[in-house]
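Asks: Pulled these features from Swiss-Prot for this protein:
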COMPBIAS  74-83  compositional bias 'Low complexity'
COMPBIAS  114-125  compositional bias 'Gly residues'
DOMAIN    163-284  domain 'MI 1'
DOMAIN    326-449  domain 'MI 2'
MOD_RES   Met1  N-acetylmethionine
MOD_RES   Ser25  phosphoserine
MOD_RES   Ser67  phosphoserine
MOD_RES   Ser68  phosphoserine
MOD_RES   Ser71  phosphoserine
MOD_RES   Ser76  phosphoserine
MOD_RES   Ser78  phosphoserine
MOD_RES   Ser80  phosphoserine
MOD_RES   Ser94  phosphoserine
MOD_RES   Tyr152  phosphotyrosine
MOD_RES   Ser313  phosphoserine
MOD_RES   Ser317  phosphoserine
MOD_RES   Ser457  phosphoserine
REGION    1-38  region 'Disordered'
REGION    58-128  region 'Disordered'
MOTIF     58-64  motif 'Nuclear localization signal'
MOTIF     70-76  motif 'Phosphodegron'
MOTIF     241-250  motif 'Nuclear localization signal'
Amino acid sequence: MDVENEQILNVNPADPDNLSDSLFSGDEENAGTEEIKNEINGNWISASSINEARINAKAKRRLRKNSSRDSGRGDSVSDSGSDALRSGLTVPTSPKGRLLDRRSRSGKGRGLPKKGGAGGKGVWGTPGQVYDVEEVDVKDPNYDDDQENCVYETVVLPLDERAFEKTLTPIIQEYFEHGDTNEVAEMLRDLNLGEMKSGVPVLAVSLALEGKASHREMTSKLLSDLCGTVMSTTDVEKSFDKLLKDLPELALDTPRAPQLVGQFIARAVGDGILCNTYIDSYKGTVDCVQARAALDKATVLLSMSKGGKRKDSVWGSGGGQQSVNHLVKEIDMLLKEYLLSGDISEAEHCLKELEVPHFHHELVYEAIIMVLESTGESTFKMILDLLKSLWKSSTITVDQMKRGYERIYNEIPDINLDVPHSYSVLERFVEECFQAGIISKQLRDLCPSRGRKRFVSEGDGGRLKPESY
């Protein structure tokens, strides 16, 4: 009945103000109104009581809904709830009052883990918390007793022949740059060489044959350091057996391969990584001409070492390890051999073999000294052709050429004491070099010239001095 009464009141609200416009008036109107209200209520409950009950119920619902949200506010709804109930009015809850409130409006939070909590949602636990060891269930259908004492280890597959050459070639080429044998040994230990250990000396020697003398010296040192750590003496013997077998193919790319391999064998015997009877084991059993030449070269070097020559000097000392006096002698011999043979390409090759590009100014200096001390035109022309060829091939750089000429310019007064006509010869040679494009105009203009000596009787301007007595 209450629900039906509320629906009827919603459709036809019994407002006393609105009933004032009815057709009845006076006491009849009031009596009719009270009779209608009593009929509508049914239970003889006044309409004002129903309206007041509805307002109070609505205020209670709002109070329960907002109690959790506004629990932290200073002026909560509960403080004013009793006043609202007593007055019959609702307290408006505008969203503007919660504009800067960072708390969740649903009252449940965002579901994030606790900050600094121990064991909350998404947290591993307190620092230092030890978890229990997971015990294996023996009755588990998937239980395997072999897994209890199982030790796992990283397995590196052995290298095949193609991967071996592709992997080790950059390692050896980088070694020629830094020269650190320990780094190469560490990198080789990380690889599973397997049966390819004997291929390390073969590949290193093959690359050194195409390089310089310093590279061959570094290769001999590398083989000596790797023997005993990465490979054994047996692996070294197998590698040199393969080198002697492959000498015909190596000689196609490097004609001097037989002599160089013989030097490698002699150095290996001297370092103790090859036995002394290695060469004797090949006597009378070698049919290859190149292999026989290599063994003969090694035999000669070993016999020389018995007479006092060190076996570690088979490659010489290359690059900056050579002394200045030794380099000066080598350059002087190079120029003298060139003047005898006239072979410019051989002279250029010998200069590159010295591996001292920072010392090429010495060749320019010694060559010009030979021109100044010569008496014929052949030396003048041959030295000019040599410097021109070295300049065009960029064997001698601009700085080295300039430094060699400047040394001559600074020492020409002392040279002139031993060579009287050195000034005139130098001026002529410098002019020819400028015409050939060897030196620049600025360097030519720096050439010193010696003026004509005046006689005692000549004064300034060539006039005779007046008698002063």
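Each residue, glycine too, has its Cβ placed from N, Cα and C.
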Asks: Over the span of the domain 'MI 2' (326-449), how high is the average pLDDT in this prediction?
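Replies: Its mean pLDDT is 91.
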Asks: Could you tell me how many residues in the motif 'Nuclear localization signal' (241-250) are helical, how many are strand and how many are coil under DSSP?
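Replies: Looking at the motif 'Nuclear localization signal' (241-250) with DSSP, the answer is 9 helix, 0 strand, 1 coil.
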Asks: Helix, strand or coil for the residue listed as 'phosphotyrosine'? Use DSSP.
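Replies: It is coil.
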Asks: Measure from the Cβ of the residue listed as 'phosphotyrosine' and count the other Cβ atoms within 10 Å, all protein chains considered.
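Replies: Around the Cβ of the residue listed as 'phosphotyrosine', 5 other Cβ atoms lie within 10 Å.
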